[in-house]
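One structure is given here, and the rest of the page talks about it.
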Amino acid sequence: MSEYLLLLISTVLVNNFVLVKFLGLCPFMGVSSKLESAIGMSMATTFVLTLASVLSYLVNQYLLLPFELGYLRTMSFILVIAVVVQFTEMLVQKTSASLYRALGIYLPLITTNCAVLGVALLNISEKHNFIESAIYGFGAAVGFSLVLILFSAMRERLAAADVPLPFRGGAIAMITAGLMSLAFMGFTGLVK
């Protein structure tokens, strides 16, 4: 049980997919200007990332490995992710039309979010079992959500701040992301 907790903590804080592995930077920079959009994107990504992790594990274990189709792994994972994202998009559209409009193009872009595919592929390369795959996917999603929401809150404050002209917009956002990454480096010794 403790190894599962360590896997979750290390995935969320120590090996954060955005700040350490630099995966998922497109939605990180694109959706983080408003807190409401960031929270919606976080919920959608958490659902997609966790479900895609589990389904990718099942496809790999029960379809690709028995039939020796390992060379189709990346393509099949992309297909699994696309199906999960389409399902999520339909679910969000039915349950919250305002969130669906707020997320706009970023919801279908979860399909091309490299963090989702990265987690699925890392689950296989690190030889996680079913439970570890689910925890790893959920931890990656929680880490992504944590960073996205924190960064979004900081960007909203920066929009109201008196930032020098050359640093406005993307420049101050990149500086803030770098400082945030340095802050997360403090968790490095937390899990061995």
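We count from 1, first residue shown onward.
Positions of Cβ are set from backbone N, Cα and C atoms, glycine also.
Pulled from Swiss-Prot, these are the features on record:
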TRANSMEM  5-25  transmembrane segment
TRANSMEM  39-59  transmembrane segment
TRANSMEM  65-85  transmembrane segment
TRANSMEM  102-122  transmembrane segment
TRANSMEM  134-154  transmembrane segment
TRANSMEM  171-191  transmembrane segment
Mind checking which residues of the chain, 6+ beyond the ends of the transmembrane segment (5-25), have their Cβ under 8 Å from one of its Cβ atoms? 45, 113-116, 118-119, 132, 135-136, 138-140, 142-144, 146-148, 177, 180-181, 184, 187-188, 190-191
Distal contacts, the transmembrane segment (65-85) - CB-CB under 8 A, six or more residues away: 48, 51-52, 55-56, 59, 107-108, 110-111, 116-117, 120-121, 124
Near the transmembrane segment (39-59), which same-chain residues lie under 8 Å Cβ to Cβ, leaving out any that are not at least 6 residues past its ends? 24, 27, 31, 76-77, 80-81, 84-85, 88, 92, 96, 99, 102-103, 106-107, 110, 113, 115-116, 119-120, 123-124, 128, 130, 133-134, 136-138, 140-142, 144-145, 148-149, 152
Under an 8 Å Cβ to Cβ limit, what residues of the same chain, 6 or more beyond the ends of the transmembrane segment (171-191), are close to it? 6, 9-10, 13-14, 16, 19-20, 28-29, 32, 147, 150-151, 154-155, 158, 163
